[in-house]
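To start, the structure itself, in structure tokens.
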Amino acid sequence: MKSAVVASLIASAAAFAPASQTARPTTQLFEDAAATPAAVATPVYKASPALPFLEYPPNLAGYAGDVGFDPFRFSDFCPVDFLRESELKHGRIAMLAIVGFASVDLGLRVYPTPDFMEGLTSVTAHDALVQAGSMSQILLWASFMEVFGTAALIQTLQGSGRAAGDFGFDGGMLKNKSAAQIEDMKLKEITHCRLAMLAFGGMVTQAVLYDTGFPYLK
């Protein structure tokens, strides 16, 4: 009798015991999710600082003076080093041209000067020098410089490590300068190059239209 009572109590207690939990196999759905690599993030649209209504040209990143200005996206199909070499070359020529153009109209002369050059302005000097044959010499020396410039550019495009526009001449301006100071000088140069190209176009236009001499204002 006692054995029967004890057995019934054990059975009653077992009814309230938590059910044993067995390991469940991972479903195929979770296995596939674990095996699938994370989705590639969609590139975030970045607006050009100079032209906010256009996308930023990514190939310009890292270049001095980069403001995202490339509305025709030349940097997508032209090496940016080629574009920068051209920009620096024409900008440097424009800076020199502004000084020379204004100096002539301010009366600067290198004496003795040929008789045909007396009384010439920067505008009228062109035709006179063409007739005298002097422009042929300028074309010869400019072509000579282009040959060396092209050779240097080819080295840059072939990965020699030469920076665009670098001819190893700094006039001592970069001596003992830190990397940050050199980058600042590069920014100043490209900024003045761009200003000079715009300014020279304006100077010549006003000089031809007004014929009043420097500063070419009516």
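Even glycines carry a Cβ here, placed using N, Cα and C.
The signal peptide annotation in TrEMBL covers 1-15.
Annotation comment: TrEMBL describes Ser75, Glu87, His90, Lys188, Glu189, Arg194, Gln206 as chlorophyll a binding site. In sequence order, Cys193, Met197 constitute the residues six or more apart from His90 (chlorophyll a binding site) in its chain with CB-CB distances below 8 Å. When secondary structure is read from DSSP and collapsed to three states, His90 (chlorophyll a binding site) falls in the helix class.
Of all Cβ atoms in the protein chains displayed, 11 besides its own lie within 10 Å of the Cβ of Val130 (chlorophyll b binding site). The annotation chlorophyll b binding site is assigned in TrEMBL to Arg92, Val130, Ser134, Leu157.
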Rounded Cα-Cα span from Arg194 (chlorophyll a binding site) to Ser134 (chlorophyll b binding site), Å: 29
Binding-site residues compared (Lys188, Arg194) - the one with the fewest other Cβ atoms within 10 Å: Lys188
From binding-site residues Arg92, Val130, Leu157, the one whose Cα lies nearest Lys188 (chlorophyll a binding site): Arg92
